[in-house]
Amino acid sequence: MGAALALNIAEKGFPIAVFNRSPGRTRTFFAEAGDLAPRVVPCETLEAFVAAIAAPRIVIVMVTAGTPVDDQIAVLRPLLGPDDLLIDCGNADFHDTERRSAAAASGGPAFMGVGVSGGEEGARHGPSIMAGGTEAAWAKVAPVFTAIAAKYEGEPCAAQMGPGGAGHFVKTVHNGIEYADMEMIAEVYGVMRQGLGLDPAAIAAVFERWNRGPLASYLIEISAIVAATLDPETGRPLLDVIVDSAGQKGTGRWTVIEAQMLGAPVTAVEAAVAARNLSARREERRLGAEIFGTPAGNPPDVTVEALENALLAGKILCYAQGFGLLSTAAREFGWTLPLPTIARIWRAGCIIRSTLLGDMAQALAATPGADLTHVAPFTDILRRTEGDLRRVVAAAALAGLPVPALAAALAHFDTMRRVRGTADLIQGQRDFFGAHGFERVDHPGAHHGPWTRS
Ligand SMILES: NC(=O)C1=CN([C@@H]2O[C@H](COP(=O)(O)OP(=O)(O)OC[C@H]3O[C@@H](n4cnc5c(N)ncnc54)[C@H](OP(=O)(O)O)[C@@H]3O)[C@@H](O)[C@H]2O)C=CC1
Ligand SMILES: O=C(CO)[C@H](O)[C@H](O)COP(=O)(O)O
């Protein structure tokens, strides 16, 4: 990511010095920089790196999240001056960014935490950039970040989100949505493959068709390519030789943890993280199959069109949850997160870019603070697609095909359209065993039940 970002910066006309802890990597990078090499100064020590940059310096750190960032900051800080600016462009837990920002405020170079999305390709040719930090820091870096960012109809996909960890928080939620979006696509893939018996080539064709409709998005586009790709070694669909255990580096989990701490429901993301965790338990899955057998019910009674609608509904519900989490976080942390701008800078460059985000940006601007599902055109789309989401979840359950993120999104939707739910019983139980009290519907105050055990 760092190498790709450096080439992007150089390509946009900014001279850049580069350093990697492994000098061999720096040499290879420089040797492969081609036409851009004259704008790149390869450095083999941090001292040479800092000396190669004119003050006031802007220094980007793009290393593995966690301790490596702290280590890198620790060795860089003594070499930098108070007018310099240190930026962590990797994925970071926003609490770490808050801590690093606070530490920087007590002296030395200023610090920014900036979320960058788009994978290597995005970093090289135009990512989506979610910057945290002060207005003053943003003013210093905006010319570089807006130049290297993806452009949507000419508009740079880069913006300042708020102080301290706000940029990394937004990037974390972006990734949480990414997890849920990917999981839902994998779930409909499962229904098509394991339920309807479509082969990967046929599924690729379905994804390609969907990519020309309301589901058009980077993730559907690449899913079509992944499904269509053959293994050069065996000639089989590559999907068939990929181990079905999903990796994860932590951003989905961070989203869920923060959402839980804030009391904000992101059930589709929770289901997606849990699904990755379960996917990693291969031996337990094998044992489960041995003990219980894998359900081999009738093929699910759903069409490919119903799956398209179900995915659309699930996706809208998941994005509504993500934006809801951002709203709650903004209130809780005293940030003014620019939600319509966030939707706008996600329209290009980032992994979750999709045509829906344009409408989301408009809806969020037109109705600030509203739940996306309550706003046009999403209310109408949900009314139209809800039945298929329900049919797919029900048919998948009957066929023994797990669709946890779609089911979680549907359960959220059904819960949030029911005036009277079932928590009356929970309150009764809590009062019974813990004297926690409950509110009554007919008069105010805290009440207890006349519980007796016969
Ligand atoms: N890959 C992606 O699609 C995206 C990644 N990110 C984020 O960008 C950051 C970098 O990711 P990525 O480029 O994929 O990761 P890589 O594993 O490809 O690169 C990690 C880099 O960090 C360096 N590094 C690791 N540990 C240390 C350390 N203790 N001290 C100094 N340098 C260290 C490595 O050096 P060396 O070469 O010597 O091993 C390497 O240059 C991460 O925060 C990641 O989450 C963000 C968006 C997308
Ligand atoms: O930030 C990213 C994309 O936006 C990175 O690719 C990140 O690694 C994705 O998360 P994970 O590795 O957990 O799937």
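Even glycines carry a Cβ here, placed using N, Cα and C.
The model shown is predicted, which means the values in this text are computed figures rather than measured ones.
According to TrEMBL, the residue from ARG209, ARG276, ARG281, ARG453 that belongs to the substrate site alongside ASN91, SER117, GLY118, GLY119, HIS174, ASN175, TYR179, LYS249, ARG430, HIS436 is ARG276. For the domain '6-phosphogluconate dehydrogenase C-terminal' (167-452), the model's average pLDDT works out to 97. In this view, GLU178 (active site, proton donor) is surrounded by 22 other Cβ atoms within 10 Å of its Cβ, with every protein chain counted. With a cut-off of 8 Å between CB atoms and residues at least 6 apart in sequence, the same chain places ASN91, GLY115, VAL116, SER117, MET130, THR251 near LYS171 (active site, proton acceptor), listed in sequence order.
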